[in-house]
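The domain 'Acyl-CoA dehydrogenase/oxidase N-terminal' annotation in TrEMBL covers 183-303. Feature annotation from TrEMBL assigns domain 'Acyl-CoA oxidase/dehydrogenase middle' to 307-408. Positions annotated as transmembrane segment by TrEMBL: 6-25.
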Amino acid sequence: TTDPSTQKSFTFIPVLILLFLLGMFHPTEFRIIAVLDWELSTLGHPLSDLAYVTMMYHMEGTKPEHKGLRGGDTEGIPSEDDFVAAYVRNAGRFTSVKNRKFYLALSLFRLASIVQGVHARRLSGIASFSGPVDMEASKHGARAHARLAWKIINAADTDKYENVPLPTSILSFKDHFSPKFHSFRKKLLKYMDEHIYPAEARYIHEREEQGYENRWKPPQVMADLKNIAKGLGLWNIWLPESKNGAGLTNVEYGYLCEIMGRVDFAPETMNCSAPDTGNMEVLDRYGNEAMKEKWLKPLLNGEIRSCFAMTEKRVGSSDATNIQSSIVRDGDSYVINGRKWWTSGAPDERCKVAIFMGKTDPTAERHRQQSMIVVPMDTPGVRCLRFLTVFGYDDSPHGHGEVDFKDVRVPLDHLLLGEGRGFEISQGRLGPGRIHHAMRAIGRAERALEIMCRRVQN
């Protein structure tokens, strides 16, 4: 249920009535619809209930005094991860597994207390169950549960990410990794395990719930994950050699891209997704103070998104010298004309600014013809004509657009670095970005292979 004053979720709080029983009331009528045994009813955090169910996955299935699922026949029973994912999906709330070990231990200590009480009643001859009982197993039941709880708590205190070995594929770079890199790697691995992987089911569920018409709106889980990433210091870690970034080298950040690339939406939760990363780097390196205040600051804060308008039809646009769109000076403005496509991020309703590449002087030396200019997406003449698909997918809510720039007029101070410097900027922007893309793709491929291997063995 939800507290209307705080909008915070919590579990059903039962009302204590006579003889240690609890009444569950009808949601709209003044009547009791069920009576519950107080011992198994919880008060407070929703993880209390989740932990009480999932503790069975940690109890051995081979000991009569410690009967559970671990080591037993679990055919047809969902794994603990699948069970938790289903809980997150159906509860409609984001649940981190970060503190679940505490609630597991709490549940086991509670069960130990119950078992000890049952054993005491058996010894006193007042137990409600009159059938045959293994008194030796009953005697040690509470101790077994308490020991398992203690084991879980101690395991929770051990940081399993402290000494995770580097993959053999990058051992040749190990001498080039700074202590800062190892610190970020540890935090990122933990963030992926505790927050990103458990959120995948919720992400899919929320996207399905949105429906086709609302597919360009980001699901709520993204905002929740972004707040977590900010709190963990995993926000804007991509930007090197800048007060706004983490100061990692491209080699160091490239490997982190491989980790975050294992889940498609993970980079965005840390404000580390294209094309925003490249655009922010361009604004950080080459933008004037007004640009930084108006566009870079909200991009760094994750308040808006952006697009990079470079690729054109019938032009080999990976070579920036082939660009044909025009940027013509007219008085105190530049007039922009051209049609761009595969402009990633343009369909996103959060996209508020584009970095546009075109020619300012077609007669200049080949690598001095191009310039880059900042174009607000709400400028008259900017129009997203259609959304393009890749293998049948429109990649919403981010997407790729065909964008027409027709007689678009922007002030002179929107030009980046100066006329004829566009190719220079593009090389600095696209070089690292290509590495980041490739590493994320490798991470995705590695995870696909891991999932396939698990599938064929199960």
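Cβ coordinates are placed from backbone N, Cα and C, and glycine is handled just like the others.
Mapped onto DSSP classes, the domain 'Acyl-CoA dehydrogenase/oxidase N-terminal' (183-303) shows 78 helix, 0 strand, 43 coil.
With helix defined as DSSP H, G or I and strand as E or B, the domain 'Acyl-CoA oxidase/dehydrogenase middle' (307-408) counts 6 helix, 55 strand, 41 coil. Taken together, the residues in the domain 'Acyl-CoA dehydrogenase/oxidase N-terminal' (183-303) have a mean pLDDT of 92 on the 0 to 100 scale.
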